[in-house]
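Annotated features, as they stand in TrEMBL:
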- 1-13: compositional bias 'Polar residues' (COMPBIAS)
- 22-31: compositional bias 'Polar residues' (COMPBIAS)
- 32-44: compositional bias 'Basic and acidic residues' (COMPBIAS)
- 1-44: region 'Disordered' (REGION)
- 467-499: region 'Disordered' (REGION)
- 152-194: repeat 'WD' (REPEAT)
- 195-226: repeat 'WD' (REPEAT)
- 278-319: repeat 'WD' (REPEAT)
- 320-361: repeat 'WD' (REPEAT)
- 364-404: repeat 'WD' (REPEAT)
Amino acid sequence: MPVESGSSAASRQAKQKRKSHSLSIRRTNSTEQERTGLQREMLEGQDSKLPLSLRSNLLDLFGQIEREFENLYIENIELRREIETLNDRLTAEGQTIDGGDLTKGALKAKASHSTSQLSQKLKTTYKASTSKIVSSFKATTSRAVCQLVKEYVGHRDGIWDLSVTRTQPMVLGTASADHSAMLWSIEAGKCLLKYVGHAGSVNSIKFHPTEQMALTASGDQTAHIWRYMVQLPTPQPIADISQTPCDDDIDFSDKDEADWDGDGPNECPSIRVASTTLRSHQGVVIAADWLVGGKQVVTASWDRAANLYDVETSELVHSLTGHDQELTHCCTHPTQRLVVTSSRDTTFRLWDFRDPSIHSVNVFQGHTDTVTSAVFTVGDNVVSGSDDRTVKVWDLKNMRSPIATIRTDSAVNRISVSVNQRIIALPHDNRQVRLFDMSGVRLARLPRSNRQGHRRMLWLRPAGHRVEHQHPSAAAGEVSPARTGPESALSHPPGPSAI
């Protein structure tokens, strides 16, 4: 048959052309490395704000796109030639085929398949980074104006934690790396009492819900309970600092800061012996808190365990184990026997002690880096912050996924939640404190000018946490030498509950 012989000859010609084009593609691919090398050299010589690794990755991806479309183009040419050959043969027999539609359909199917694969790869590779970039451009409306009201000066090293009493008299407590904890008059800004019973950095301070007792955790591997009695001074009128000349243009960050020479902290009475000492940890005690009722306390340590103690007998009731790395924080629910612990293993755990016979635990893996803290709110929410630059709000009734996610441009340190107004305070290493509501809407940012802000990073983490060249087994949990001394004194303002 003449038609069959012609079609078979056309098919053989098409196969030979495909082989020749495949050889050309191979030659093209063999020179692709040289082309990529030249492009990389050109990239290094160009000015760009993008890191070289990111630019190189983008170049590789765009190179794949170019090669894919090049293959599609070659196949398109081959298909058109084959269609023309078939049309010529079929025309001789009196039959016609709409080659345009056939070509369009074939190309559309191939292009759709290739584009979907590349699109999925691009989405997977850059989903996390682009979400962070886009979130930084979201418009936020400030709903609050923050202004410096009082400054508390007296510690000789970094302040790692602070707390406010729940009963009268209302005082502010601070825990410092200078081995001391201080009680302050909120109105007068004067030191009322100083506790110096620890042999290491004081990493946290919490007050008893009904009595005048304080609980402090320390790098000396212990937690102390001590009683205090203070008398508030007569309140003084607050000076109008808005009339004070502003020195925002002067940068004091590189100047040596002299030790505070005031008479207040030196004259305030001190306590040297604790009423109760809780011992059993084999590492730095990073945080401690009272359970509802104040009859038991929980402590978190770098030995990867949290311990539950009886206050009256000082005995260990239960050891909460399960975290794979050092604990970073612990918090108790204000009205229920619930405890949440956070760790460097990227998880936080919810411990339930409401049933004395059953100690249930739930593990939550919502972060991709160290969970620096997780705290309860007055309602049924848990707020967790992480080094992955996110803060997430969880509902205790459904902890499968967060109800709100706050993305930031910096790692989040130990967070604080206002008791009354349900405001979340996020301290960062870049001296910023941002305020958000429970739905993730930014309300305000605390000033960070030299006159109304801090001169050092807001390092709310306890001593030794995430400090280079410092291991959790370091004696007494001290800050590494690179961060000791008055030149690196760190402090932070009161949380929203104390504003």
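Yeah, the Cβs are placed from backbone N, Cα and C, and that goes for glycine too.
Residues 283, 286-292, 298-308, 367-376, 378, 382, 384, 386, 396, 399, 414, 419, 461, 465, 472 of the same chain sit 6 or more residues outside the repeat 'WD' (320-361) yet have a Cβ under 8 Å from a Cβ within it.
Restricting the average to the repeat 'WD' (195-226) gives a pLDDT of 95.
Across the repeat 'WD' (320-361), DSSP classifies residues as 0 helix, 21 strand, 21 coil.
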